[in-house]
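One structure below.
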Amino acid sequence: MHRTTRIKITELNPHLMCVLCGGYFIDATTIIECLHSFCKTCIVRYLETSKYCPICDVQVHKTRPLLNIRADKTLQDIVYKLVPGLFKGEMKRRRDFYAAHPSADVANGSNEDRGEVADEDKRIITDDEIISLSIEFFDQNKADRKGSKDKDKEKSKDEINDKRYLRCPAALTIMHLRKFLRSKMDIPSNFQIDVMYEEEALKDYYTLMDIAYIYTWRRNGPLPLKYRVRPTCKRVKINPHTDRINHTSGDMESDSGSDKAGSLGVVIPSTSSCIPSPPVQSPHPHFPHISSTINGTSSSSSSHQNPFTNRARKISLNGVSAISSG
């Protein structure tokens, strides 16, 4: 499982700041030849006296460099969403400017150029903004029946009233919301609470602002959240020392069992018995001269017949067969 890494905004500053003015991008504009970005006013003013990129010195255009720059709306939205309060402060400065200079108002300018765009229209959320959310119990059986056509008819008043509405700051984390649910509903500690968006469990460090950005909440209603309660799964930890002791004791029991079986199954005849003892065979039948010891008595190969002596041998010499005795 991949671990999520959180980084500070200061580590992203080199990618969000203009090298000409040293501030965050405002009306981010990118040179199409090298893809370096700057503030619109900064790069336009710079290209009045130069035709080369301020960073890499690539030629923007031979005669009309303003033709090879483009407004980068995606980059500007990222900057507004990452830097707290930047969008609201910029809109306020624009409104103040046009209020102080009415003649500078351009009829063809957009509402954003005049600073008349609200945070809701731009979908920019600030940390101190209050977000309305709804939370209800996640019923798996109800989710399985979601495709039925008569689901609206089957809803009862209890199911409709089961949803609760809250107003929370955008910086509220899922961990805080889980603690609120546990204390509000007296859920024991041996049960785990999962806060979900649709059918996906949310991370504890997610804020309401993160959820609104990740799942593209359109502000057309309360942020819909759900929760479920399930028992906590405890993993049984095995002590390796105990496991090694049990394994050793099992081996000892098996060894003792084999010894008992051997002592019961092998009967060694006594020398005082009237029954003659069977001849002792060498553990090495092909090498009978090697002696073996049984019950402290050494038996030599001399008591056995040597298979290499007193045996007739057939010898062939120049086609004439002769038999000789060893």
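Glycine is no exception: its Cβ is also placed from the backbone N, Cα and C atoms.
The model shown is predicted, which means the values in this text are computed figures rather than measured ones.
Feature annotation from Swiss-Prot assigns compositional bias 'Low complexity' to 290-303. Here Swiss-Prot flags 239-262, 274-326 as region 'Disordered'. Residues annotated as motif 'Nuclear localization signal' in Swiss-Prot: 81-95. The zinc finger annotation in Swiss-Prot covers 18-57 and is backed by sequence analysis.
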Legend entry - Same-chain residues at least 6 beyond the ends of the motif 'Nuclear localization signal' (81-95) whose Cβ lies under 8 Å from its Cβ atoms: 9, 12, 16, 24, 26, 112-117, 119, 122, 124-127, 213
Inset, instruction - Would you mind splitting the zinc finger (18-57) into helix, strand and coil residue counts from DSSP? - result: 8 helix, 9 strand, 23 coil
